């Protein structure tokens, strides 16, 4: 891609500016080839037409993308040019407060003029061991790179520090030397690194001075070689100085000072030892008052003088020599006050007894007259004669000043030589690192000989720098197999030739100095004639014939010729030197001894600087007369030789460059002057480096970095499995011009601007993707917003419509209600009116109707009465008439019927006589009967109808009757009511009249009452309102008081709680600090102890010269001497396989304080013993009496205990053997099987682990069953009490007596009857018992059958056991017995589950049977022992009598006949938990148990803490024997042996963890069994019996506690060394979440040779290592609380190292990296949860790291964000918060940088916070450790000692 294509709209460029040097602008339209003008928009808002140069048509420099601004390495910039470099430095210096920046191989250091907290020891530790490109730029990174390359490449190194005065060269060199002194240490006990650092105050006091540019300007150049031995520890140093500015001794410009030492002397003049110097205020001396500024602000010269004297003492300069130096310096000051008086123009004199001169002569111990004479005269020597010539006052003054300068130069040289002698080491130097602190390029208004020499030196150094840069570029190209093209770079060899070649400037100057009448003018003419118009670099000023101009690499410099010859000659009168040499002051002649020797750098210019070359390592043998010849060498010649020597040294080393930049001339902190910075950048070669880099392929990416960064520009089909081919394919598509890039072996090389083009493409792609994402997200958000608004609108509409509907419904309800109300009201009114009218009408009608009714009633009554009368009358008449008619009718009927009957009778009589008549009658009768039947039926029907009708009529009649009756009754009632109503109306009318009167009265009273009530109401309301107001005020006051009381109480409570919490915290902090201080002292003590042992061993080795071939053992692995108050009796070396014991005469040194305490304790115990003895005798008598009584009882308990102990011991031995077999099986599998077979996930491994689990579970079950059986048997035995047999009624004597008493026959008869009944009852019981007995017999037969089967099974098992080896027989039989008893127990439990009494009786019988069996076993055991003895006797007799017959007896018969493994129990006595050993076996015990015990071998299979238990059991036995020597010897040997083991294998985590666990267990045992009540709370009664009885080992407990602390600290150091390489890579660099972090362009520093090809650690690596640590500690049985403390310490190390690297790495401070860190921390927290260690305090140690990660991710813009950050980051210090914000770097262009104003806001908010100013966390900090008491539940008597430990010589007691 063409460069012009990048000049598009909105592209940013740099244009020149006269004030700001370069100004940023933005293109307003695209540039097209041929355009003469660019339309630009400046940052200040103005528009500008920028015209291109018509000749070159060069476009302005493009500006780098913002993402690249502020990079650590300037070569990482895509556009490498001056404005980009200047802008990057300014952004880092002003915005980020970063003073260091890489520029390829150069470190650019800008002086901040402010103390920064970035040089502490914590920063040194952070940079130690790190690659140069991994950390932020720093002088420590350069020093570490030099140190590492020296160790790796076996090549000497140099650090070249250059820059202007005041740029910080001396400080940078001092920090580099401090770094070497800190990280390397000293190889000897003389602490050379401290002496190297101590040389700085001395050299600064005699070689530094205040100038207008710098308060501590170094006025000489120096090259310090720091020597190292083969182990790269400092052994010495050597200093070479260059060009001391002697003219400053006699002259200082305005606002400047002389050398610091003079002002320090004047400030300390009142000290007693300085009174002889007769000094005073600095303004009293001519040499110190010329500058007019004798005091430096903030500097106390008296304090500085004390530091200088202290440094001299440290360097071995004695007090006498120090006073000698101060005498000479005071003499120089007094010499400056010597005045001259002119006698004439050619001569002068000194006043007699001139005080300054007399003081000078007294101090120098020279003759006054002689010195006075030679100050005013000089000796001239010609070829024939010598004569003395007076000199003028001016010449005398110059001679005085020359003498002062010469004395000071000699003193300076003498001090340098003495420092070199002190720093010189007798040990052979293996390599060195040189630190060159030399002046930079200088140009002033008037430049003289000093500036000429300085610029000449800088030309040489620049040439060496250019060649080195060119060489590195060439090596890089060749390494990557890139075609090498010659890069055109500035070669300053012509300028160097102009100065130093034949007939060069220096050659002509020396030639002119040799001319008798040579002057500066003649030398200038020679220069013009030789070089003018012949050399392009040499020019002549237009207006001067006494100056010349040289075109240096940095700039043109005009030199004034005046004074060149005089300064080059450096004339000092020889007679004055001879006077000084004749001094009686011994030190003064020493300064001038080298005048007689051949030295090159001894002379100096009269007004310039003194060049000093290095002291040769070996003295050269010169010819006679050579000294005189070389003494005449000029200063220029000497300086040239010194410079050549320096260049040879630098060329023989690997150089490292530090360029110091002065940001402004006013020493303002963090103020950047662009003009001054550009001048220095051009002068120091930084821009030349940039130009060389830009000429080739400055941007270089590895294939993986390129792929990670520009993966977004690739399509899925472009991504191949091979990264290199993928990158090639993509680049060919993106950049068409193949000359713009090259493919190397591991990197892609880009020309300048191509990375910016790729970044533009990437940014465009990301911007397009962002736009697409934004479009989608915004659409989604707007759709969600629309749906939300639509839903809200619908909801609002729904509620609005509902509201309207409800309002309408309410209106309708109200309307309807109003209508209803109206209806009812109208109805009520009309109804009321109607009722009134109706009532009136009814009343009228009632009265009227009553009247009419009464009239009608009266009428009806009269009519009724009349009708009644008529009825009775008419009835009587009708009855009378009827009776007469009836009587007449009846009489007639009777008469007629009688007549008719007679007739009928006649007929019937006739018919009866005739049959046919009867037949006819009969026929007729049938018909009639039928007819009659029909009639009857019809009549019945009619009757029924009539009856129904009659019934209906009766009902109707009755109802009508009832109705009429009711009407009648109602009428009667109405009549009565009417009468009553009439009476009531009258009474009501009367009452109404009364009520009207009462109403009138009541109304009157009501009015009066209402008036009174109104008045009362008003008064009451007024009173109530007043009361309410008062009540309200009272309530408010009450609430205020209550609130105040509550707040005060709350405040008081909070204050008290806070005070209590603060006091508690303070006490805890004080306790922790005290504990930490104590543990640090222990650590220091152990370090000094080891140092003492190493020195002792070295002395031994020096005395005993090893034989040829003997290899020297490393001091860290072969210390055999005593430590602390303990010494070992075991001598051991690694090289000699045989071990020898020390002579027995060599006793262990005793701790006298402990011995005296023990002796006092012994006397007390002897007294107590006498008292106890008496009590013991008394107790024994009681015991004997009680035993006599108990002898008759069966010895059941002892047998049971022995049986139980036998079972338990056999089970434990079986368990041990099973474990040993399992470990052997594991070992065999691991050795024989392939790794994939024995891997944790392999099938075979899983099968074995399942089998192991099942076996372990079965074993646990068996153990539990045995314990259950034991506990049940014990409880049953205690429950059964022997009962005495009572006499029964079956006794015959008692029965006879009872029978004899029965004398009465009646009683006998009754007894007989009772006896018969008893017999019957007994017979029935007998029958029932018989049946039960038969059932029991049947059950017993079944049991016998089962026993037979069991017997057969036992016989089979017996046969199998006989085939087993003797060791396994007992275990097998015991295992079978346990199984049998368990099965039997379970069977009977199920059998008698419903009947507890039967089960109880069964258990009793079982117990009795068990006791019987035990007794039988004991009898058999006794029988077997007796038979064995008899067998031995018989065998002996047979052997004596018949020796030959023994051949016929097989060994198997002898062995097998008496031995029945099944019947012989292994009976052991009751152990007391003690181990006995002989005194001579103590060394063997310590050797086998401590020195040769391997945690990875035998110790893995042991009980955790077994060595501690064994040692304590040995101590118990010694305590039991009351043998204090044995106790002391054993404890001393134990402690020393543990120390030896840790010294030999102290870097093995398993070893340290193992012995920390055992030491703590030993300490807990000493506490648990000490007999102190506080430690016996958790003991069993048996454990309390095992307590120590004779000795109080409290002091030994303290010693063991101290040892445990030392082991813990060593454990922390070991795990820190293991974790340290993993932390940064795993926590910061590795991308746990892939694709989140972006890779930014990197500079040259990522390509240094420091980067080693190591395996990359990940977070999983850290977690695996943590798992390994945790499993090892758990396996060793370490206390859980101690494990928590170790885990807390590990997490603190992880957090501190991670945070420290984060604070020192700008590339890690980004949003994505914060997310990575938080994810990694969450994984660590998950690990803590898995291990149940969340309460260990480990999570809290990660809080600073968590807050730093959150700080990287939170928003950082507004004041609210600042407030949130301040409240969130309470675990970070202010310096750390500000540092993170300054370092925050966006990885992509879409992120924003933190503004300076926001950072200032944070600083303002945090200014009141009181926290440490330290930037980094102390990663070496170790929390104070505590060892909480943890008693053991393990019984000592049950501990078995495995045979693998080789402790067969100790026995259990």
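Every residue, even glycine, has its Cβ placed from backbone N, Cα and C.
From a predicted model like this one, the values you see are computed outputs, not experimental measurements.
Among the ranges 1106-1147, 1148-1189, 1190-1231, the stretch that TrEMBL annotates as region 'Disordered' is 1106-1147. Among the ranges 574-596, 643-665, 666-688, 689-711, the one that TrEMBL lists as region 'Actin-binding' is 643-665. The highest number of surrounding Cβ atoms within 10 Å, among the binding-site residues 165, 170, is found at 170. In the region 'Actin-binding' (643-665), helix, strand and coil residues by DSSP number 9 helix, 8 strand, 6 coil. The 10 Å shell around the Cβ of residue 166 (ATP binding site) contains 22 further Cβ atoms across the protein chains shown. Each residue in 111, 214, 217, 218, 440, 660, 662 lies on the same chain as 163, 164, 165, 166, 167, 168, 169, 170 and has a C-beta within 8 Å of the C-beta centroid of that ATP site, without being one of the site residues. Listed in sequence order, the residues of the same chain lying 6 or more apart from residue 164 (ATP binding site) and placing their CB within less than 8 Å of its CB are 213, 440, 441, 442, 660, 662, 680, 683. Around residue 168 (ATP binding site), a 10 Å sphere centred on its CB holds 25 further CB atoms from the protein chains shown. Under a cutoff of 8 A between CB atoms, and with a sequence separation of 6+ in the same chain, the neighbours of residue 163 (ATP binding site) are 109, 169, 440, 659, 660, 661, 662, 680, 684. When Cβ atoms from all protein chains are considered, those within 10 Å of residue 167 (ATP binding site) total 25, not counting its own. The Cβ of residue 169 (ATP binding site) has 27 other Cβ atoms within 10 Å, all protein chains considered.
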